[in-house]
Amino acid sequence: MNNILNRIYNGYNLTEIESYNLFQYIMSGKINNVQLSAILIALKIKGESEQEIMGAMQACLEQAQPFPKQNYMFSDIVGTGGDLSNSINISTASALVGATCGLKIIKHCNSSISGKSGSYDLLKEFDININISQKKSQEMLNKLNVCFLFAPQYHASFKHVSLVRKILKTRTLFNILGPLLNPSNPPLSVIGVYSTKLMIPIAHILKKLNRHRSIIVYSNNIDEVTLHSPTNITELKNSKITSYTLYPESFGVHFHDKNTILGGTPKENYEIVKKVFQGKGPISITETIAANTAILLQLFGNEDLKKNTQYALKIIYSGKVYQKIIELSKF
């Protein structure tokens, strides 16, 4: 173990097996908090390699509680966070719209670590309880097309790293791992990342996991599709990886200034998202959520992004998403 630690401290990449062994130690609580802080910051400064991400992911998944296998296509839509953008919870909002469109969504959720508002924090403001049993989550999925898997419930070993992550208050390898650790092993996924450097490595990892189709997104330091800048896309489809760029006009919507999608605390984000789903929200945020939902719809074979966006907008303005939120809060 000392040899592995010295390699990290000296700026060398670990092999997949070295990373796996290291994170087995970490997730078993065998590394003290001072060492863990040094490891995470050293990896961050060096830049986490594909092999390091893969090894760490395998170690974390081995200790996770799996979610029952589904016999149909379903998706996650999730971001690494850590992009420092303070945008509203776009992925969570888009998951709710997608489910209202009839898609099956199993979203991996957590409270905020390196930002102001995580998916759990927003859902809590809507009185949606996601800290529920597997059976209850499955019932929610069956009845309402969506369920939310609360990360601490399925990844108990993360208790060994939570304090350090909160103290560091910066993105680390665990931000990268989050979207890869959904206990349901979704065949489809939209994954937002905070850096273009992560796009190809994550696509390679998803390919090794035999994912059916995945779309990885990045836009001007934000881990979502945005309408103020081009959005970089890396797509895994039929075991082939391609990269391309999308623009606001790709979705048939308007350009919007970055400052118009800013959020804040969970309470502030709740007020914004509530207005959107009541049909009274800012057009910039409404169209941004619709564009992200369009990507989600594309995963399920609906290839026309402009039609997808218009359909998502229709669903939002119908009030059906807000009605689904009310149903979820009663579950």
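Backbone N, Cα and C define each Cβ position, glycine as well.
As given in Swiss-Prot:
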BINDING   GLY79, ASN110  anthranilate 1 binding site
BINDING   GLY79, 82-83, SER87, 89-92, 107-115, SER119  5-phospho-alpha-D-ribose 1-diphosphate binding site
BINDING   SER91, GLU224  Mg(2+) 1 binding site
BINDING   ARG165  anthranilate 2 binding site
BINDING   ASP223, GLU224  Mg(2+) 2 binding site
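Shown here: features listed in Swiss-Prot, placed on the structure.
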residue : record                                              : DSSP class
GLY79   : anthranilate 1 binding site                         : strand
SER87   : 5-phospho-alpha-D-ribose 1-diphosphate binding site : strand
HIS108  : 5-phospho-alpha-D-ribose 1-diphosphate binding site : strand
ARG165  : anthranilate 2 binding site                         : helix
ASP223  : Mg(2+) 2 binding site                               : coil
Among SER87, SER91, ASN110, SER111, all listed as binding-site residues, which has the most CB atoms within 10 Å of its CB? SER91
Distant-in-sequence Cβ neighbours of HIS108 (5-phospho-alpha-D-ribose 1-diphosphate binding site), under 8 Å, six or more positions away: ASP76, VAL78, LEU149, ALA151, GLY178, PRO179, LEU181, ASN182, PRO183, SER184
Which chain-mates of GLU224 (Mg(2+) 1 binding site) that are at least 6 residues away have a CB under 8 A from its CB, listed by sequence? GLY79, SER87, ILE90, SER91, GLY192, VAL217, THR288, ASN292
Using a 10 Å cut-off on CB atoms, tell me which of the binding-site residues ARG165, ASP223 is the least crowded. ARG165
Within 10 Å of the Cβ of GLY79 (anthranilate 1 binding site), how many other Cβ atoms are there? 28
Round to the nearest Å and give the CA-to-CA distance linking ASP223 (Mg(2+) 2 binding site) with SER111 (5-phospho-alpha-D-ribose 1-diphosphate binding site). 17
Looking only at C-alpha atoms, tell me how far ASN110 (anthranilate 1 binding site) is from the residue listed as 'anthranilate 2 binding site', rounded to the nearest Å. 13
Expressed to the nearest Å, what is the distance separating SER111 (5-phospho-alpha-D-ribose 1-diphosphate binding site) and the residue listed as 'anthranilate 2 binding site' at their Cα atoms? 12
